[in-house]
């Protein structure tokens, strides 16, 4: 493991030149304090755990100090926002500090969010507030722990610097780690501004650096796009299976790597509600929970348009056509596993859809239902869960079908089935009210709850002594919270 001054930088994106990003130095925030750090994320950089305790750590990730090898850049991109094209966006408050090359041979972007104004700030102050920084940190880390592809969060640093949103708040910075910060909107920018050479350069960069195995295929760019489709199908399947609602699926928030990216007004479902909208600015429900699947496919079509100089339209359409069947296969497999089933049967899709309909009509807690279903032998668990449903007759019919379906498995004991279920059904998720409680304490200078919640969420499938309060249904005030994009 390394000290902070021993990190090895290899800034591949910066070398693409000024057409792709602008050199900008971070604007420091005052009186920086470390709120929380993720040792597992920092280990991706080969950083020794004790490095986060050093004053230098908070100084670097608050913009006061910088490695001599770092080359902070604000990246340019555009994107479709709520379906309408915005021709010029870019990093308005975040900077790609550089790329660290670790001992495993991986490159990791160090992106500092809240680092101040850039040429793309669009009248903004370039700052991120403490509450949104904490939310992004916790979301990144719990998604990773759940096995959902995501950018990582290294740390959050708070400050005394005031910023104005709806009210006065404190500025903060969050360190985001990802193997690329290229977005769908990055390619869209050069396509729509009619810069074919730059578009080709960026496409080659993505292909060479992030999809090198596709270079061996007869049509490398088509192979790359197909893999992007496949990755997004699997990603969205995991979102839907675990009840994650992103909230702002604009194409500038879609990673070229097929990972969860750019956290804003996200939420995990409390009660199951397929029409849930977590973003209070989404008046039409474009990015509602149930719309995430078609929107992901729409976004892939937007990316495909930017790739038409390299791939035929027919081939792109065929690749996009793979998305829905791939998604459905991944989703059904995940839901099958959540129900403790290991062998595919034709009635599985109906079994899942009937359950979700019953949950929707009864307002059943989505996470706790699956966890409790694996707490006991099936017959006992179903008797316990029966009281959560309004349509008792409907639930009894489903329970009978579920037990018959288990009988078809002939695969191990009841205890083995329960063990399998606990390995895929979390006890703890990031509920918005839990995040809000931690944020409220942090805004008063008490970071203990943020750190405790982070530790609980790092092992979401394992029951932790004394942490039962994090595995409860939310209070009435904490349900169905809609979150502002203001951050």
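The chain as shown is numbered from 1 upward.
Every residue gets a Cβ built from N, Cα and C, even glycine.
For 252, the entry in Swiss-Prot reads active site, proton acceptor, with the evidence type sequence analysis. Among the features that Swiss-Prot reports, ATP binding site is placed at 90, 92, 93, 113, 125, 126, 176, 183, 262, with the record citing sequence analysis. Per Swiss-Prot, Mg(2+) binding site is recorded for 253, 262, and the stated evidence type is sequence analysis.
Distribution of Swiss-Prot features across the structure.
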residue: 90; record: ATP binding site; DSSP class: coil
residue: 125; record: ATP binding site; DSSP class: coil
residue: 176; record: ATP binding site; DSSP class: strand
residue: 252; record: active site, proton acceptor; DSSP class: helix
residue: 262; record: ATP binding site; DSSP class: coil
Out of the recorded positions 125, 252, 262, the residue with the smallest number of other Cβ atoms within 10 Å is 125
Per the record, ATP is bound by 90, 92, 93, 113, 125, 126, 176, 183, 262: how many Å separate the farthest pair of Cα atoms? 23
For residue 93 (ATP binding site) and residue 252 (active site, proton acceptor), determine the Cα separation and express it in whole Å. 14
Distance check, please: Cα of the residue listed as 'active site, proton acceptor' against Cα of residue 90 (ATP binding site), rounded to an integer number of angstrom. 9
State the count of C-beta atoms found within 10 angstroms of the C-beta of residue 176 (ATP binding site), not counting that atom itself. 24
Can you give me the Cα-Cα distance between residue 90 (ATP binding site) and residue 253 (Mg(2+) binding site) in Å, rounded to a whole number? 11
Measuring CB to CB from residue 253 (Mg(2+) binding site), give everything in the same chain under 8 Å that is also at least six residues away in sequence. 79, 183, 246, 261, 262, 264
